[in-house]
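Participant: Dropping the structure in here first, questions after.
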């Protein structure tokens, strides 16, 4: 029964990523039609980051209190509204308004919560990496489908298609996802206490930072993830402005991203986690990420970028899966939703800072500045973690 629920969650996650990448084939080109330049596209993406930064932890708390079905239903319903607003967006103001439902659009963190709840601790990293496999499937399907639909039928039809697809995801949630996926049913008293606690209770959310190792892992996730986060949020602009790609070509490039992601997350991460410790894999991912940044600084064309994609996807995938696994293992099962919400807020923080910082760097110093920043920051974090690990090893020897 647990495996059936996990498999349905994988399907829901894959569909959600499909609709999101479908949207990436619409928004940049629609924004350009409405007169947005690089800076205003950055503001639009920053707005999404701010909204999800606020919504992520509260959504995670909502999931812990009201259960998986309610959380996923809310997220899928918000996605339907998001696409309907995008379909009718005919002015710059509407393009900003259509981003408001993203405050509840946290299908992936809710899916991660369910998988974390239903998987054994020693197999958690592997189970979470399979969600990354779903990400790859969704990236390929969404990018290819979005590029084709947008080229042939236009932005309105593509957005409407996304709304219908999201409604189908909602039906899957209502049909197959149980009310709660937590291991132990709480007692009446605890249940009453939980219901009385507000999802806006910041004390309950920040309390998780006091668990051993959580604060340090979070700092690493934010600092090491920031430069690559900047590149990711700027990629749609880089593809359009630097590589001069059309929607269909951009779709094929994103599909290549997806295939690489599927190979890494479906066939590599599980084997690595079975053989090596999470701390070793964290070091490896940060080291590879620094080299990727150096390569990005000197790339000149799409072919060179395609060569960089595989190590880039590897470092991102391992880094995200390992840090998420370490964080969920650091807190009780009853708090996995809030923890995944906090992890989502880290990504949202990167999307908040990323577009403005990335837009400034790209416009003033070119694409190489983003890559060089990633190299310098990740090397610094790598050296810090390595020194810390060597000190710990010396202490154990003594």
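The backbone N, Cα and C atoms fix where each Cβ goes, and this holds for glycine too.
Those TrEMBL annotations? Automatic predictions, nothing curated.
Among the features that TrEMBL reports, domain 'Major facilitator superfamily (MFS) profile' is placed at 2-391. Under the heading transmembrane segment, TrEMBL lists 7-26, 38-59, 71-89, 157-177, 218-239, 251-269, 305-323, 365-386.
How buried are these features, and what lies next to them?
Facilitator: Within its own chain, the transmembrane segment (7-26) has Cβ neighbours under 8 Å at 72, 75-76, 79, 82-83, 86, 107-108, 111, 114-115, 130-131, 133-135, 137-139, 141-143, 145-147, 149-150, 155, 158-159, 161-162, 165-166, 168-169, 172-173, 176-177, 236, 247, 250-251, 254, counting only residues six or more beyond its boundaries.
If you look at the transmembrane segment (71-89), the same-chain residues 6 or more away from its ends with a CB under 8 A from one of its CBs are 12, 16, 19, 23, 26-27, 30, 59, 62-63, 95, 97-107, 110-111, 113-114, 155-156, 159-160, 162-163, 166-167, 169-170, 173-174, 177, 337.
Long-range Cβ contacts of the transmembrane segment (157-177) within its own chain (Cβ-Cβ under 8 Å, at least 6 residues beyond either end) map to 4-5, 8-9, 11-12, 15-16, 18-19, 22-23, 25-26, 68-69, 72-73, 76-77, 79-80, 82-84, 86-87, 89, 107, 114, 145-146, 149-150.
Cβ atoms under 8 Å from those of the transmembrane segment (218-239) belong to residues 24, 27-28, 38, 41-42, 45, 49, 209, 245, 250, 253, 282, 286, 289, 292-293, 296, 312, 315-316, 319-320, 323, 327, 342-343, 346-347, 349-351, 353-355, 357-359, 361-362, 367, 370-371, 373-374, 377-378, 381, 385 of the same chain, restricted to positions at least 6 beyond its ends.
Long-range contacts of the transmembrane segment (305-323) within the same chain: residues 125, 128-129, 132, 217, 220-221, 224-225, 228, 243, 253, 256-257, 260-261, 264-265, 268-269, 272-273, 278, 281-282, 284-286, 288-289, 291-292, 295-296, 299, 343, each at least 6 residues beyond the stretch ends and with a Cβ under 8 Å from a Cβ of the stretch.
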Participant: As a test of reading the model: what is the averaged pLDDT for the domain 'Major facilitator superfamily (MFS) profile' (2-391)?
Facilitator: 86
